[in-house]
Ligand SMILES: NC(=O)C1=CN([C@@H]2O[C@H](COP(=O)(O)OP(=O)(O)OC[C@H]3O[C@@H](n4cnc5c(N)ncnc54)[C@H](OP(=O)(O)O)[C@@H]3O)[C@@H](O)[C@H]2O)C=CC1
Ligand SMILES: Nc1nc(=O)c2c([nH]1)NC[C@@H]1CN(c3ccc(C(=O)N[C@@H](CCC(=O)O)C(=O)O)cc3)C=[N+]21
């Protein structure tokens, strides 16, 4: 058997198309342009690539894109001052501070200084609390993108056994919340989980967010299960490097019913959901009806 490939790149283009249509209407009917600000501290080359492609796609859907590049040794006070300015700027509806931050900066403090209404990453404690209690919130982009692909593929997820490998605040935990919200029976696995292969073998849905290249082999996958690979790992490939996920694609694709590739799976959906969240934030900030189908 060979798995159906879930084409995140194509799905993301469709989502961005919906966003662009809505943005055009906002402009015409309300004279409003959603604005997204990305704050990058330091010079991490991989981060710069994400920031560049985010900026490009933001402009492509008709939004305003602002980038703040700060030196790696920027003080916490200076970073907080940049965020305070963006919080107060009525032309900015979404603020993303690229993680991880350099070690001398307190990530929790910085994230929680963002106006929760502009927190398009959904990392602010009040958005985390709202999501955990099933209230309207800003939903983290990567888990939201995974949920959209799962709903598109399965229709209802009700009653399915889902295993999320990874318990980070940015992927694993919010992913588990969303799956629970869709009535899956959810298991969260991590580095201390006993008998991980057996835990994963029970799953109808496997979401791998571990940060270890090709860690999940095909013989952990229940035949027919859906595999969502969140991992983005750059590994050596001859003279160059290549991107691989957290699952061993070749062996998993032989047993799974459906699988997301890397690249071209979760990554593009993350950026599409960031744009969707910025649009949603702009509508909410202006008391306008928000677009349907673009949030959880
Ligand atoms: N596609 C996208 O848009 C995005 C992709 N990513 C990618 O997703 C991956 C995960 O990211 P993130 O959540 O930030 O990573 P973190 O490093 O924050 O978390 C990794 C999680 O995996 C768990 N883990 C590590 N080793 C093992 C193991 N051997 N067995 C079981 N669990 C293990 C850790 O457990 P413990 O808590 O016990 O240490 C931890 O909970 C990375 O590859 C990252 O690059 C991230 C964000 C967006
Ligand atoms: N505050 C914050 N929010 C984030 O959402 C966030 C972050 N910090 N820090 C870094 C991680 C990582 N991340 C990715 C997003 C898109 C791709 C993506 O589009 N990947 C393409 C390939 C890109 C390439 O070829 O380099 C793909 O998978 O097809 C990857 C990774 C968001 N993150």
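One is the number of the first residue shown, and numbering goes on along the chain from there.
Glycine is treated like the rest: Cβ placed from N, Cα and C.
A TrEMBL annotation is a machine prediction, not a hand-curated record.
Some features that TrEMBL has for this protein:
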type: BINDING; residues: 166, 167, 168, 232; note: NADP(+) binding site
type: DOMAIN; residues: 6-121; note: domain 'Tetrahydrofolate dehydrogenase/cyclohydrolase catalytic'
type: DOMAIN; residues: 140-284; note: domain 'Tetrahydrofolate dehydrogenase/cyclohydrolase NAD(P)-binding'
TODO: Tell me the residue counts in helix, strand and coil for the domain 'Tetrahydrofolate dehydrogenase/cyclohydrolase catalytic' (6-121), as DSSP assigns them.
DONE: 60 helix, 18 strand, 38 coil
TODO: Among 166, 167, 168, 232, the annotated NADP(+) contacts, find the widest CA pair distance and round it to a whole Å.
DONE: 16
Open item on the list: Using a 6 Å cut-off on Cβ distance, which of the binding-site residues 166, 167, 168, 232 come close to any atom of ligand 2?
Closed with: 232
Task: Secondary structure composition of the domain 'Tetrahydrofolate dehydrogenase/cyclohydrolase NAD(P)-binding' (140-284) [DSSP: H/G/I, E/B, coil] - done: 59 helix, 32 strand, 54 coil
Open item on the list: What are the sequence-distant neighbours of residue 166 (NADP(+) binding site), meaning same chain, six or more residues apart, C-beta distance under 8 angstroms?
Closed with: 172, 188, 189, 190, 207, 208, 209, 210, 211, 230
- [ ] Give me the non-local Cβ neighbours of residue 167 (NADP(+) binding site): same chain, 6+ apart in sequence, Cβ-Cβ under 8 Å, ordered along the sequence.
- [x] 173, 176, 188, 190
Task: Under 8 Å by Cβ from residue 232 (NADP(+) binding site), counting only residues of that chain that are 6 or more apart - done: 243, 245, 262, 267
Open item on the list: On average, what pLDDT score does this prediction assign to the domain 'Tetrahydrofolate dehydrogenase/cyclohydrolase NAD(P)-binding' (140-284)?
Closed with: 98
